[in-house]
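S.K.: Below is the structure I would like to discuss, written out as structure tokens.
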Ligand SMILES: Nc1nc2c(ncn2[C@@H]2O[C@H](COP(=O)(O)OP(=O)(O)OP(=O)(O)O)[C@@H](O)[C@H]2O)c(=O)[nH]1
Ligand SMILES: C=C(OP(=O)(O)O)C(=O)O
């Protein structure tokens, strides 16, 4: 089964406020964009993904992520994360009725295509399924088969709320890169230790958190775009 991913992204200057003590206002937008670039690049390199739709109103992010091969959907509702996701899924299904869709956070800088494949293949066994974040309270991925609405309930305690919504919790091990979202400085350290993608490695090298000896270091660039696998366009 091949999935369309719906990836939400807040305007860069307003995003990741909880990282303010790790990355100041001058560098945080670039760091948030780098997280999204590494997330989208890994997603597009994943064989279980047919295409990626990023729901954002940020012009710079839209330009950079489109250059990687993502489709950009304006955040027309403008009323928060779950409205943005429901809108993105509806736009996808208008174009491709019956498409399996999965919401994926844009703050997964260590994301590995092979681990994402394993998660999506596991999700394909259920009508709706989700993956809890590394902290164990939130969600990084929510998937819905072609005959189901996504019904996103991201935000505080979303693990509990997705469970209560009837979605199956995916319990597979060895998919840390799909679980490791970055909200805080310690989260960024954990992602660096897993090994982040090249965009985040470049921006975080200038931060105190990125300059330390720990960490697996940057991973080789994912090949997507010219020379790599091109996603099918969403049209
Ligand atoms: N399009 C869109 N994306 C959103 C919105 N709110 C959050 N997101 C995205 O949803 C994902 C999960 O959100 P959070 O992890 O809470 O990120 P955040 O809101 O930037 O972080 P904080 O400011 O620290 O709360 C991230 O990829 C965000 O960029 C929204 O209103 N619209
Ligand atoms: C959006 C979520 O949380 P966070 O803001 O912690 O990334 C979530 O886990 O549903």
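Glycine too: its Cβ is placed from the backbone N, Cα and C atoms.
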S.K.: Have a look through 139, 140, 184 and flag the one TrEMBL assigns to the phosphoenolpyruvate site that 155, 158 belong to.
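M.R.: Given 155, 158 bind phosphoenolpyruvate in TrEMBL, the matching entry from 139, 140, 184 is 139.
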S.K.: Find, among the binding-site residues listed as 139, 155, 158, the one whose Cβ has the highest number of other Cβ atoms within 10 Å in the structure shown.
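M.R.: The largest 10 Å Cβ neighbour count belongs to 139.
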S.K.: Would you mind pulling the longest C-alpha to C-alpha span across 139, 155, 158, which the record has binding phosphoenolpyruvate, in angstrom?
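M.R.: Among the residues the record ties to phosphoenolpyruvate, max Cα distance equals 8 Å.
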S.K.: Determine, for the phosphoenolpyruvate site, the additional residues of the same chain whose CB lies within 8 Å of the mean position of the CB atoms of 139, 155, 158; present them in sequence order.
M.R.: 138, 152, 153, 154, 156, 157, 159, 161, 162
